[in-house]
Each structure stands twice: as C-alpha cells, then as structure tokens.
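Feature annotation from TrEMBL assigns domain 'Deacetylase sirtuin-type' to 33-307. If you look up TrEMBL, you'll see 58-77, 140-143, 249-251, 275-277, CYS293 marked as NAD(+) binding site. Per TrEMBL, substrate binding site is recorded for TYR102, ARG105. If you look up TrEMBL, you'll see HIS158 marked as active site, proton acceptor. What TrEMBL records for CYS166, CYS169, CYS207, CYS212 is Zn(2+) binding site.
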Amino acid sequence: MSLFQFASRRLVSQVSCGLKSSSAKKQQLCLEMARPSSNMADFREVFAKAKHIAIITGAGVSAESGVPTFRGAGGFWRKWQAQELATPGAFARNPSRVWEFYHYRREVMLSKHPNPAHIAIAECEKRLSKQGRSVVVITQNIDELHRKAGSKHLLEIHGSLFKTRCTNCGNVTANYKSPICPALAGKGAPDPEVEDAAIPVEQLPQCEEDGCNGLLRPHVVWFGETLDPDVLTEVEKELDMCDLCLVVGTSSVVYPAAMFAPQVSARGVPVAEFNTEPTPATNRFRFHFSGPCGSTLPPALARHHSEIIA
C-alpha cells in the first residue's frame, strides 16, 4: 500500500523474522518462535520484569467498542468504501462528500466508549508509572478511545478524527465541535440511497486562524500519503527501548505498523499478540492469546503479585 512508505532506516532494514538470514542465531530465533505460547503464567512473569512496554493497537480494539471498521465486504459508507474516500484525490474532487463521511464518523464516535481493553492499558500505564516503569501506546486507530480511557503516553500514527489541518496555512488543531460546522448538521447518513449534500466549499469547515479562512481537512493519514516523520521517529525510539511488546487487535497487514512488532521480535524482545485469530506475523512472536481483547488483555495487564505499590 503506497500510503505507508516508511523511511526509518532501522525499521525498514528488516521486515521479517529471518531478514538477515546469514546469522545462525537469528535463524534459530525464528525456529524457536514458530510456535507461540498461550501460557498466561509465563507471559505474566515476563510482564513483571519489563521496564519499558510498547503496546501496538489496531482496529480490533475499537471494534469491541462498536466502532465501524469500514473493512471487508460490508465496509461501505453509502456506495463507497473507505479507500475510495480517504484519499487526497477524493478530497480535491469532492470535499463535501469526504467531509460528510468524516462528520458521520466523528458523530458516531461521540457515542462510543472505551472498552475493558482500553481501560486495562490506561490503568496499567498509570500503575507502572508509579514504579518507574513506562508504557507507551502506538495506535493505528484515529478514534481517540485510548485518550478517553486515560492513556497519556500515546502515539497516534494515523492521526485523529478530532483534529483538523488547514489546507492553506497547515495549522493543526483539536476540534470536538458537534457538528463541526453548521452546514454538516444532520448530514452524513451512511445509507446507500442518501444523496450527497453537495455543500459549497465556503460552507465546509474553515480555518479560524487570523486572516486565513482556508478549507480544513481531517488531520488523518490518507491512502497515498506518508506518515508524519516526527511521529515515526518517536515510534522508533520507543521500539528500540522496549523490553516487552504487545500487539493488540491488529491484523498485521497494514504497513508500516505491520513491521513494528516483527522488528522488535527480531532483536530477541518478547512479543505477545492478543487477537481474535492468528495473523501473518503470529509465528514470529513468543506469545499469542486468542479471543476478544476486552477479555484477554485485562488479566494479562493486571497487577502482578511482585509489584510494590507505594
């Protein structure tokens, strides 16, 4: 997918478990990881010793809160799939239609709440921070449910539904207005028979910076766009530092996020996958826990008996 052209040297240098297969040690590591464990007690012992935990999350976490994923055969808004609307070209051709789509998504999200997986991650971060340990969430999701749950150390690699960027001056700002502009009130219904609202550009969300009035767009990464290099630098730093990595509710097929955990695993760091089914990366990880994240993650991240709470 051209959207994800990842330029970070260390993260692109190896994409799979045996990337530099001249090393017998790495080949042996791959063999050892071919059968991931589902032993929660073993994972808990690793968790208890970890000082810097990186948690990579995807759409599966949000789906358990009832968030539409717009993927697969039923993933349509009206007659379009997300891939047809979430592009710079689609916005240039029909900004009204694209804004209706994102207005609908924003309004839906206002009625959604974090589920037990989001809450377990946020509570784990808060608890471990008091012990001098760190938790960072690296999410592909744009719904801000991690933020709602209380996560503080959060890297949103695809942006946020609740931020806008001016196409004129480039200003990025948080925006939680409902509706985001008067012209979008009552618009965005997803039913296939609904006609486009065809809102004039001057009535779509406008920049409020002094003297600008440029057309706003959602501050999300669209297909055909690269990720923010500053965010990727932060991701790389966290992955280099982590001594335990969790992959939660992600299909491990969307790049560059799909290579994050295999990169970590390739240097010998334990990786645990929590997902409803195996993914293309499962056999590269030390642990795999099958089932809804809201059921499997809370006991995995609960306080370990060895933790000392001040």
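A Cβ is built for glycine as well, from the same backbone N, Cα and C atoms used for every other residue.
Every protein chain considered, the tally of other Cβ atoms within 10 Å of the Cβ of PHE70 (NAD(+) binding site) stands at 19. Residue pair PHE70 (NAD(+) binding site) / ARG105 (substrate binding site) shows a Cα separation of 10 Å. Of all the binding-site residues listed (GLY66, GLY249), GLY249 sits in the most crowded Cβ setting, with the most other Cβ atoms within 10 Å. Within 10 Å of GLN140 (NAD(+) binding site), as judged by C-alpha distances, the recorded positions found are HIS158; the full candidate list was TYR102, ARG105, HIS158, CYS166, CYS169, CYS212.
For GLY58 (NAD(+) binding site), the nearest of the binding-site residues ARG105, CYS169, CYS212 in terms of C-alpha separation is ARG105.
Looking only at the binding-site residues SER62, GLN140, THR276, the densest Cβ neighbourhood within 10 Å occurs at SER62. Comparing Cα positions, THR276 (NAD(+) binding site) lies closest to TYR102 out of the binding-site residues TYR102, CYS169, CYS212. Among the binding-site residues listed (SER62, GLY66, TYR102, ARG105), TYR102 has its Cα nearest to the Cα of CYS212 (Zn(2+) binding site).
Remark: CYS169 (Zn(2+) binding site) has CYS207, GLU209, CYS212, GLY214 as non-local neighbours, by Cβ distance under 8 Å and separation of at least 6 in sequence.
Taking the domain 'Deacetylase sirtuin-type' (33-307) as a whole, pLDDT averages 95 in the prediction.
GLY66 (NAD(+) binding site) sits 12 Å from ARG105 (substrate binding site), counting Cα to Cα. Note on proximity: among TYR102, ARG105, HIS158, CYS166, the recorded positions of the record, the Cα nearest GLY249 (NAD(+) binding site) is that of HIS158.
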